[in-house]
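Scroll down for the structure; my scribbles are underneath it.
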Amino acid sequence: MGNNVVVLGTQWGDEGKGKVVDLLTDKAQWVVRYQGGHNAGHTLVIDGEKTVLHLIPSGILRDNVKCVIGNGVVLSPEALLEELKMLEDRGVPAKERLHISEGCPLILPYHIALDAARELARGDKAIGTTGRGIGPAYEDKVARRGLRVDDLFNMETFAVKLKEVIDYHNFQLVNYYKVEAVNFDEVLKQVQSVADLLISLVIDVTDELDKARLRGENILFEGAQGTLLDIDHGTYPYVTSSNTTAGGVATGSGFGPAHIDYVLGIVKAYTTRVGSGPFPTELYDGVDKLDPAGKHLGTVGHEFGATTGRLRRTGWFDAVAIKRAVQLNSITGFCLTKLDVLDGLEEIKICTAYKMPGDKLVDVPPMSAEGYEQAVPVYETVPGWTESSFGVTSFDALPKNAQAYVRRLEEITGIPMDIISTGPDRNETMIQVNPFN
């Protein structure tokens, strides 16, 4: 029988999932996206060539791997076309191996207009969305007014539904946000131009994945964003609009949850966050917090968002937040990324508890953003190392203090570091346990 493996982020996103998915797909026949949209930014470096994917699963760069966009993904036709063209310009025949669920909600221009208008209206309380219409598209889905891929099979009915939903949103855009209305004819024309392509990619995802499972094929589920951005379990309201945790796999793809064999949690050797929201171990944001160790993490780690281009906020490893990720996702093993970024630091800190109001010590995080904001990190300090760990592919070849750091993280989290990444390239990795074996 094959193995069904989930790869997801355990922090606030940007953990290095794209590289790991690409690495593991040499043993996978299918790679499935199950949540999010083109707000994801998965960076892959293969033989020095960098590719950033936002919507299409990272497995597309492997020959013979079928890639699926599941019903839990909100799909921007415009973003999909751009990505297909970029891949085809590089000689990757993406259309031949890409499939989509007809249950995918569509992201259309009025979603992007709403996203921008709302962030502007929030002023300094802005959530820090990517501005790509993700939240408003999920909102329409839950309100049952969203248009989906399956609506494209009847363009006459689609046009009627589109007119209703555009009228609904234009009322808000014009009268509340005082911005320009979205033009119905332009949106309809845009959708008509891509409808045939989208329809040609449709498969029954639940049925095809179940058949693949019964044939003993390996299926990899590729998460986007990170656990602490989950709509239900993250630092609400500074979260994304989908379930980024392992529970989202079943609802976002139609794959039975009992068939998942292994959950690989991607975790950076330190912590980063893009945009607004609480961050207990934060050291550096380029504005108010300017700790030199945090600046080192951001500079050496090239911490700029793959989707937004924004500087990421940086901080120490937060084992308290990670404990929640372990609980939420039933993590089997970790992949530790960017260990090499810590090279050259004299000492490294690990947050092992939060001090809450009243001097109460906790080892699991609060539920609310307000609770996170009140948390004061309690640190354990370990020695750093001066030797290079960059590109090292054997655990024993790592600097001794780097080995000790990895082992200490395993002790604190209770989860083995099955994979360790020491550089951006596919080859700069040590796989101690392969989830597909």
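Yeah, the Cβs are placed from backbone N, Cα and C, and that goes for glycine too.
Under a cutoff of 8 A between CB atoms, and with a sequence separation of 6+ in the same chain, the neighbours of Gly13 (GTP binding site) are Ala224, Gln225, Gly226, Leu229, Arg273, Val274. Summarising the annotation, Swiss-Prot assigns GTP binding site to 13-19, 41-43, Arg312, 338-340, 421-423 and lists sequence analysis as the type of evidence.
Annotation comment: Swiss-Prot describes Asp14, Glu15, Gly16, Lys17, Asn39, Ala40, Gly41, His42, Thr130, Arg144, Gln225, Thr240, Arg310 as IMP binding site.
The annotation Mg(2+) binding site is assigned in Swiss-Prot to Asp14, Gly41 on the grounds of sequence analysis. Just so you know, the Cβ of Gly41 (IMP binding site) picks up 22 other Cβ atoms within 10 Å once every protein chain is counted.
What Swiss-Prot records for Asp14 is active site, proton acceptor. Residue density at Asp14 (IMP binding site): 28 other Cβ atoms are found within 10 A of its Cβ, drawing on all protein chains shown.
The Cβ neighbour count for His42 (active site, proton donor), using a 10 Å radius and every protein chain shown, is 25. Marked as active site, proton donor by Swiss-Prot on the basis of sequence analysis: His42.
According to Swiss-Prot, the feature substrate binding site maps to Ala306, Thr307, Thr308, Gly309, Arg310, Leu311, Arg312. Its Cβ taken as reference, Leu311 (substrate binding site) is surrounded by 16 other Cβ atoms within 10 Å in the chains shown.
Comparing Cα positions, Asn39 (IMP binding site) lies closest to Gly309 out of the binding-site residues Gly16, Lys19, Gly309, Leu311, Arg312. Looking only at the binding-site residues Thr130, Thr422, the densest Cβ neighbourhood within 10 Å occurs at Thr422.
The closest partner of Thr130 (IMP binding site) among the recorded positions, by CA position, is Gly309; the full candidate set was Lys19, His42, Thr43, Gly309, Thr422. Counted within 10 Å of its Cβ, the other Cβ atoms near Thr43 (GTP binding site) come to 19, all protein chains included. Among the residues Asp14, Glu15, Gly16, Lys17, Asn39, Ala40, Gly41, His42, Thr130, Arg144, Gln225, Thr240, Arg310 said to bind IMP, no two Cα atoms are farther apart than 34 Å. Within 10 Å of the C-beta of Asn39 (IMP binding site) we count 28 further C-beta atoms, all protein chains included. For the binding-site residues Gly16, Gly309, counting C-beta atoms within 10 A of each C-beta gives the highest total at Gly16.
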